[in-house]
Structure formats: C-alpha cells, structure tokens
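Working notes, structure below.
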Amino acid sequence: MNILIIGNGGREHALAWKVAQSPMAEKVFVAPGNAGTALEEKVENVAISATDVEKLVAFAQANHIGLTIVGPEAPLVIGVVDAFRAAGLKIFGPTKAAAQLEGSKAFTKDFLARHHIPTAEYQNFTEVEPALAYLREKGAPIVVKADGLAAGKGVIVAMTLDEAEAAVKEMLSGNAFGEAGSRVVIEEFLDGEEASFIVMVDGKNVEPMATSQDHKRVGENDTGLNTGGMGAYSPAPVVTPEIHERIMQQVIYPTVNGMAAEGNIYTGFLYAGLMIMPNGQPKVIEFNCRFGDPETQPIMLRLESDLVELCLAACDGKLDQKKSQWCEQASLGIVLAAEGYPGDYRKGDEITGIESAVENQKVFLAGVENKDGKLVTNGGRVVCVTALGDTVYDAQQQALALAEQVKWTGRFYRRDIGYRAVAREKNNA
C-alpha cells in the first residue's frame, strides 16, 4: 500500500525510514519531507505543507494512501485526523479534541487533577498581578509555562523569583508567545529524573514503545536554554520494570480511560514526559500527542517490529493483538545543531560526511535542504546521528565517532548525551 507521513523533521525521516522497511509499504510519501527523506529508498517528498489539511486530504485520495501517520503536533491540533476520517481515510493520530492534551497545558493540568493522575501542584493565570502574587507565595525554584504550542520553548524553569516574574510578565503582558502565552500555568519545580514514555493507543488498548530519555538543555551537564531536544537514548534505565508498571497503572491507563470517559477517545502516539521522583513515583510534566523528536530517532533504530502493521492494528482498534519487538541493544542519538541555536542561527552552510554511517549507525536529517545537489543547513537542529551499542556507553561512543565525521561551519553538539545512564552503568559494573 501507499503510505503518507506528515512532517519535515528528523522524527519524520526516522518514521519514513522505518515505514519503508515494511513489506506492506509500496511507496512512502512525506509531506513536505526534507533532504533526508528524499534520499531513502521507496520514499518520495510531496510539496504540501504539514498544516495544509485540504491539500493533504486531496493528495491522499488521489494517490490511494492506505495509511497516514502524523509526525508533528501542529496538524493534529488543527484537526488533520478529523478531516482524514471524514473523508474515509485511515490516519494514525488523535482528533483535534483529543490533541488538546498537548495543545493546551491548562487543559492537561485540569484533566490530570480531575482524574487524580500524579503531577506537580499548579495554578492557571491570565492576569499578571494574581500570577505574581502566587509566585511570591510559592517562592523559587518554580516553573512557568505558556499555555499553548510554543515549539518546546514555552517553558521557563526559574531558579530565582526575579526570573519567574520576568517570565510571567513577558508571556502575559509582553506577548512573548502570542496567543500561546495569553494564559500561563505556574507549577512546582520537580526534582527527579526525567523520562520519555511513549505508547501507541487505539482508543482503549495500549502498546508501550521503548523508554527513552531526552536532553532539553542546550549545554552540557544540562545547562543553558531549553531547546526542542539535543539528544536522546533508549532504553532509560531510570524506568525499572517496577516503575514501568507504575507508569502504566497510574498515568497511561487513567489518561486513556479518562479521555474516553470525557468523550475524547484517544488514538495515536501518546508521549508522557515524566519526572521520576527519588522515591520512584512518576509525575506527569507534560503530554505530547505524537512521537518525540529526537527520541523517535534512537527508538526507531531499536524497533524490530513492522511499524505499518502496528499502526494499522491501532487504526482498527486491534492493538491488543500485536506485540512490539525491540532490539536488546541500547541506542543513542546526538543532535548536531547550527551555530546560535536555540536563538537566531546560521543557515546555508554546506554539510559533509552524511554518508559516513556504517552498520548499526544512521544519520537522520532535519534542518537540511538540497541546494543544487549540495546538502546545506536550513534549521536549528540540523541532523541527529544515531548508533546502537551493547551498552548506553557503547552507543554513545559510536554516535560521538559518527558526529565527528558530519561537518559544517559552526556546528555544535553535546558530548554528554546519556551521561546519567553511563554513570549508572559504571556504578553497576
């Protein structure tokens, strides 16, 4: 069958690469795709924006698309799934109503509270003065979040009260994130270890994907500004089998059942960004209604099952009949970013060494365009170099060796991706 993937990032390159390996996939279209998806066998880019829902539906109808997988959040939040379903097309992702779990942080926090799902203490504000009063009452460190979609950058972890007050003023009166920041969520700072817990949902049944851990801060040792993610590895040893079970029982099932009970049946990838507290209690930091980027890249490297089969089963409400198989090895992905990211960054630099990957390694392209036959930088996060290894340390060393070979002017990356897992491995050795 023909398959359509919506999006243009490193995540979509990884999804297209994995989907193309399925014997069921005749042709894989990516809208709009990037220079990386264009290089894959069986894969073709389509010049349609990820949010041009009408054109996407028309394309799917004209090209006999048997399955569509949505990569990014923006098309989900505007109802791409509703439109495809109305046209009788199979699409894997949540409806517009269900996608509020990512589209509105205030909706999510209120939902978690209603269903007694563990999360940080919080309050929502639309006015500056009450928000500032709450900050002064609670003190720092404290977290300030823009309510709407802000490309992963609308979260300020304020270590001082001054920083928190500045963030509130900037979002509510300074209009830093436009409509997305017209309401803010202020919540307690959770001090634990983060994990990305991604599952597939068919409305009621849940199939967990491999666990992972993302690194949001731009600098080594988790310093500097928040980004969309500078690297990730899988599995995340912080999620022990016992904690895995707690997450399923205390977070995932209550979320899926709670959404269904409120009339928002959830199908699609559900990503719970969790803080695992020192006592092993998982708390929800955020939900995303799609696969994470860069977590998708190392996770797809470990997935041995047919992703198309899993998605089709989920679309048909038969996910309980499938079991995902995973490679025993660890995988790790390092994002190579353009100079200046996450602020204003350089563009248009020629990239070399993309073809350096050997077996058990893969370079996934994100902010890259093909200009007159040359690959040049065209985004903040440019590529994600990923590798498998017997341990997280091995995978890290393989990925670092690959990162050395992919070059352009001003590229930078974190050399410590996976450091928590590596420290655990050393302690357990």
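Placed from the backbone N, Cα and C atoms, the Cβ positions cover glycine too.
Annotation for Met159 (ATP binding site): same-chain Cβ neighbours under 8 Å, separated by at least 6 residues, are Ala140, Pro141. Taken from Swiss-Prot, the feature ATP binding site applies to 135-196, supported by sequence analysis.
The C-beta environment of Glu286 (Mg(2+) binding site), restricted to residues of the same chain at least 6 apart in sequence and closer than 8 Å, consists of Glu102, Lys105, Thr108, Ala272, Gly273. DSSP assigns Glu286 (Mg(2+) binding site) to a strand. Summarising the annotation, Swiss-Prot assigns Mg(2+) binding site to Glu286, Asn288.
Annotated domain 'ATP-grasp' per Swiss-Prot: 109-316, in sequence order, evidence recorded as sequence analysis. Here the domain 'ATP-grasp' (109-316) has a mean pLDDT of 93 out of 100.
Residue counts for the region 'Disordered' (209-231) under DSSP, split into helix (H, G, I), strand (E, B) and coil, are 0 helix, 11 strand, 12 coil. Residues or ranges marked as region 'Disordered' by Swiss-Prot: 209-231.
Taking all protein chains in view, 27 other C-beta atoms sit within 10 angstroms of the C-beta of Ala167 (ATP binding site).
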